[in-house]
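Participant: From Swiss-Prot, here are the annotated features:
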ACT_SITE  Asp78  active site, proton acceptor
BINDING   Asp78, Gly79, Asn152, Asp153, Arg180, Asp182, Gln251  NAD(+) binding site
Amino acid sequence: MNSPFHNIGIVTRPNTPDIQDTAHTLITFLKQHGFTVYLDEVGVRECCIYTQDTDGCHIVNKTELGQYCDLVAVLGGDGTFLSAAREITPRAVPIIGINQGHLGFLTQIPREYMTDKLLPVLEGKYLAEERILIEAALIREGKTAERALALNDAVLSRGGAGQMIEFEVFVNQEFVYTQRSDGLIVSTPTGSTAYSLAAGGPIMQAGLHAFTLVPICPQSMTNRPIAIPDTSEIEILVTQGGDARVHFDGQSFIDVQNLDRIIIRRYHNPLRILHPTDYQYFKTLRQKLHWGEQLV
């Protein structure tokens, strides 16, 4: 096959029904077409791959997938995709998602049509889309204590004590407000159909260069979601945090102390997602959110 890709990485979701069969089909397909296959070591260790399918494949960690591969296929749900994206985006390697999970906003190719949909993509016939990521830094006593990336959102939230937290928000060093609430969601357009949507935030078309600030159960009913350019720097100063945390894509977190500052910016590398040529963003929204179809 004359392909712009040569080394294909595969990330699999552990403890998923039929994941071994899906991986077997994909690995066999790629080998038959002459591609070099790299497997995420976690998937191999968690028995997502039949032992015989690892023959002739390279087994590496997710960071090394970004180093050695020129395309990564994610078999799983959106959670698996989010985890892979944070590891691979720094290497600017494109990702394609195959849905082995449930909702599938990001992993859109049904596994039943996996090889039929992938073949044109591997031949160079695809739609490429760039998605922005969040880069967050936790500043404690004037020093950077932690850093993290997020494709969906960074969420400041109250801890197990259950009490409201209080914090100040600044955009480009301009004071916005003091808020008492259960927390604040800073969402990318990709994350606008996730936690942000459940908290009353707007849906943002995936290609927009914007963030939204979405309060979680604010004490003041006048606190509403705000959309800002993704060139903005967001600063959150925690004044009464209790045992608050900052969560990243709902998969990792940092504990927060009083007077900590969380600085949020757009990450310098966008995530590049590849879609089949028949991909339509609003069709995906209709299917996943069960919107009405055209009447005429």
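Note that the numbers count up from 1, one per residue, in the order the chain is shown.
Keep in mind that glycine also has a Cβ here, set from the backbone N, Cα and C atoms.
Are these features on the surface or tucked inside, and what are their neighbours?
Facilitator: For the recorded site, Asp78 (active site, proton acceptor), the DSSP three-state label reads helix.
Listed in sequence order, Ile134, Ile185, Val186, Ser187, Thr188, Gly191, Ala194, Tyr195, Ser196, Phe248, Asp249, Gly250 are the same-chain residues six or more apart from Asp153 (NAD(+) binding site) with CB atoms under 8 A from its CB.
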Participant: What's the CA to CA span in angstrom from Gln251 (NAD(+) binding site) over to Asp78 (active site, proton acceptor)?
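Facilitator: Here the two Cα atoms lie 12 Å apart.
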Participant: Report, as a single number, how many Cβ atoms besides its own are within 10 Å of the Cβ of Arg180 (NAD(+) binding site).
Facilitator: 17
Participant: Please name the residue among the recorded positions Asp78, Asp182 whose C-beta has the most neighbouring C-beta atoms within 10 angstroms.
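Facilitator: Result of the Cβ crowding comparison: Asp78.
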